[in-house]
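Per Swiss-Prot, the features are:
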- GLY19, SER20, GLY21, LYS22, THR23, THR24, SER178, LYS179, MET180, ASP181: GTP binding site (BINDING)
- ALA2: N-acetylalanine (MOD_RES)
- ASN78: site 'Stabilizes the phosphate intermediate' (SITE)
Amino acid sequence: MAGAAPTTAFGQAVIGPPGSGKTTYCLGMSEFLRALGRRVAVVNLDPANDGLPYECAVDVGELVGLGDVMDALRLGPNGGLLYCMEYLEANLDWLRAKLEPLRGHYFLFDCPGQVELCTHHTALRSIFSQMAQWDLRLTAVHLVDSHYCTDPAKFISVLCTSLATMLHVELPHINLLSKMDLIEHYGKLAFNLDYYTEVLDLSYLLEHLASDPFFRRYRQLNEKLVQLVEDYSLVSFIPLNIQDKDSIQRVLQAVDKANGYCFGVQEQRSLEAMMSAAMGADFHFSSTLGIQEKYLAPSEQTAEQEAMQL
């Protein structure tokens, strides 16, 4: 009906391994969204997340507590968390009752960090699937720490995990390299930043691994993993510094395009702004180059560039 209030809600499912900056991202993104004029509701789906730095609209801890589960069932932290998510999956009426009064808000779901929840366990995927039935359009925002770029073996592992997550979660998906402002603290990059964000020819990573006697033994395995990632050709990354509003804006543009928010009726945009979102302000090369110049010292060379001069 033409005059009916919109019922579709939008949001982000913030996922990623422990320590990748999910909670900090939710805090920074919620502040940025409020500055844009959006009504934001942050939902904590991690029962192990204590001392939340943001105002929490819904907290799964009100339904089930990790400590209580561990004590009652004699489970460890990982097993207890899986039980909590299965319990939430079995009690989605509780979650729906909490979310329904917030209809009209933009949702940020702060999810648990256990990797298996996003790669093969079904509870979280089922929860997201049910939210879609409630007309809640989510984008999965997968954070990984940028320091993995400094180690070829770890970066291949991140690529495989990111690919598995994209295939399993079944949501519109973007991957972020978080903590870009700290990337120099982790060591030199072997290649320019765009090599990692665009996931370019991965054979060069194999050559770096071959120089290590330990990884040389697993060359065939690494070749197959790299081939798998390249065959799907799905994984790419957006660099993020949560303290930089330009960086947050680039991420938000990608999220809005993924879940369709930028073409919705809740936020009126000028034609110029809509075209910017549609065309993507994202000629990624120029934006990534600017980020590299900002966070990597100009005088520094990549490890690959140094090797070529020897």
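Every residue, even glycine, has its Cβ placed from backbone N, Cα and C.
What you see is a predicted model, and the numbers here were worked out from it, not measured in a lab.
Where Swiss-Prot records a feature, it is marked here on the structure.
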| residue | record | contacts (Cβ under 8 Å, 6+ apart) |
| --- | --- | --- |
| GLY19 | GTP binding site | GLY113, ASP145 |
| GLY21 | GTP binding site | LEU143, ASP145, SER178, LYS179, ILE242 |
| THR23 | GTP binding site | ASN49, LEU52, PRO53, TYR54, ASP110 |
| ASN78 | site 'Stabilizes the phosphate intermediate' | GLN114, GLU116 |
Three-class DSSP secondary structure - GLY19 (GTP binding site): coil
Whole-number Å value of the largest CA-CA distance among GLY19, SER20, GLY21, LYS22, THR23, THR24, SER178, LYS179, MET180, ASP181, listed as GTP-binding: 17
All-chain count of other Cβ atoms within 10 Å of MET180 (GTP binding site): 24
